[in-house]
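Below: one structure, written as structure tokens.
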């Protein structure tokens with residue numbers, strides 16, 4: 001699914017009309033129909049809050065359709081003295097002529113009946129500002145939004161919650177807090193930002209008739225992952241396959257007090273389908289780990305180079321500790337991969353492997369093999385020297401810039417994890433706060449390493465692994481308050497089998 005900005009979206013709209021001959025009024029009608037799909041039509045009283053632009057026009061068109069279904073509808077047209085423009089005026093005139101009640105809100109005095117209607121409404125539709133906002137909203141619109149937010153649990157926003165920048169995800173300075181947002185044709189970049197979380201509610205995308213060719217041309221190289229994307233890159237299990245076909249993964253992880261991180265990472269790699277998984281750690285730590293290993297092979301630190309030579313993929317960092325010893329281990333891994341010229345290999349670095357790179361990122365380039373880094377925002381802040389706040393406010397730009405500068409793949413974890421190689425960007429659509437527990441990142445490292453070892457290209461392995469990890473969490477969270485990393489690992493083979501079955505079904 002495409003992710004785009006306001007400028008590109010406007011150009012798509014313009015060219016759909018000017019080059020493809022699609023009437024703007026038809027796009028508005030389609031938008032209203034798209035929103036209708038998300039309304040509970042068993043409700044009776046609908047309040048539509050509309051502004052003067054195309055977003056308001058979508059609201060006017062929706063009001064007309066609801067009236068034809070014999071619903072009780074009130075339209076509140078919020079204006080600083082401005083009349084509706086363009087196609088919005090067409091639908092405004094239609095509803096005025098078909099006796100849909102329209103009340104103009106233009107000052108504080110006219111707000112009283114509006115507030116009463118908000119209180120009585122079964123559902124409030126926000127069609128006030130949409131993507132058109134480019135500066136701070138006026139006092140009148142701010143007051144309208146403040147009143148609306150007293151009833152946020154029954155608000156549905158059309159395209160973008162009013163007052164929210166569709167590019168940055170920042171409120172200008174106040175935004176509607178909706179329980180659901182129906183956006184059109186492509187996901188707006190700002191809707192996926194941290195700042196937008198309190199405003200969007202459930203976020204869905206609907207098509208309204210923009211030609212796919214225009215989206216491919218104009219939307220850019222940022223995508224929101226969906227099941228269709230991941231099914232295309234799911235690795236195959238051949239009938240004649242054996243363990244050597246599915247990758248040798250070496251997991252370098254764990255230290256005294258953090259042996260669980262090592263186990264979770266190695267077990268995740270095995271559950272994802274790796275043919276052979278070997279766990280390597282400090283000699284004293286292996287004494288603790290070895291009795292717990294049954295299907296996972298063991299390797300002591302002094303034999304690290306031998307393990308790297310045999311491995312297709314190395315996962316490095318979980319639970320190792322942010323020490324000089326960890327940095328020495330990482331340098332040994334990199335040196336061996338370089339000396340062996342393992343151009344097809346991938347090194348996945350997580351946790352303490354990232355922490356020891358602080359101020360030393362020059363060692364990441366130039367390397368003959370692929371590198372995937374999986375930082376959370378705090379680790380990304382240490383790698384870049386930026387504040388955590390800067391990272392959170394510019395997730396795509398930060399991850400993309402770092403990946404491009406250092407020639408690596410970055411998986412910037414968090415709400416809507418960003419995966420980028422410096423050119424392509426995928427934003428993960430799965431995952432839940434129920435997964436906010438220690439060990440989740442360790443499991444993700446093992447999943448990505450395993451997929452890469454099975455022949456999935458490194459970037460695609462990061463996209464697929466992140467999606468699988470989050471999707472299993474989403475499913476488990478439907479039945480429980482919190483989800484453990486070990487529970488994710490247990491479900492990996494079952495979820496991948498489901499994906500495999502769906503892929504087979506859709507290709508027939």
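Residue positions begin at 1 at the first shown residue.
Each residue, glycine too, has its Cβ placed from N, Cα and C.
TrEMBL does not curate its annotations; it predicts them automatically.
Cross-referencing 55, 70 with the K(+) binding residues that TrEMBL gives (126, 162) picks out 55.
Same-site candidate for AMP binding, as annotated by TrEMBL with 413, 414, 415, 416, 417, chosen from 438, 439, 441: 441. In this structure the C-alpha atoms belonging to residue 131 ((6S)-NADPHX binding site) and residue 55 (K(+) binding site) are separated by 8 Å. A count of other CB atoms within 10 A of each Cβ picks out 162 as the most crowded of the binding-site residues 54, 55, 131, 162.
Across all of the domain 'YjeF C-terminal' (226-499), the predicted model scores a mean pLDDT of 96. Among the binding-site residues 376, 413, 416, the residue whose Cβ has the fewest other Cβ atoms within 10 Å is 376.
Residue with the densest Cβ environment among the binding-site residues 126, 159: 126, by other Cβ atoms within 10 Å.
Working note on the binding-site residues 57, 414, 441: by count of other C-beta atoms within 10 Å of each C-beta, 57 ranks first.
Candidates 55, 126, 162, 414, 417 (binding-site residues) were compared with residue 376 ((6S)-NADPHX binding site); those inside 10 Å Cα-Cα are 414, 417.
Between residue 413 (AMP binding site) and residue 159 ((6S)-NADPHX binding site), the C-alpha separation comes to 26 Å.
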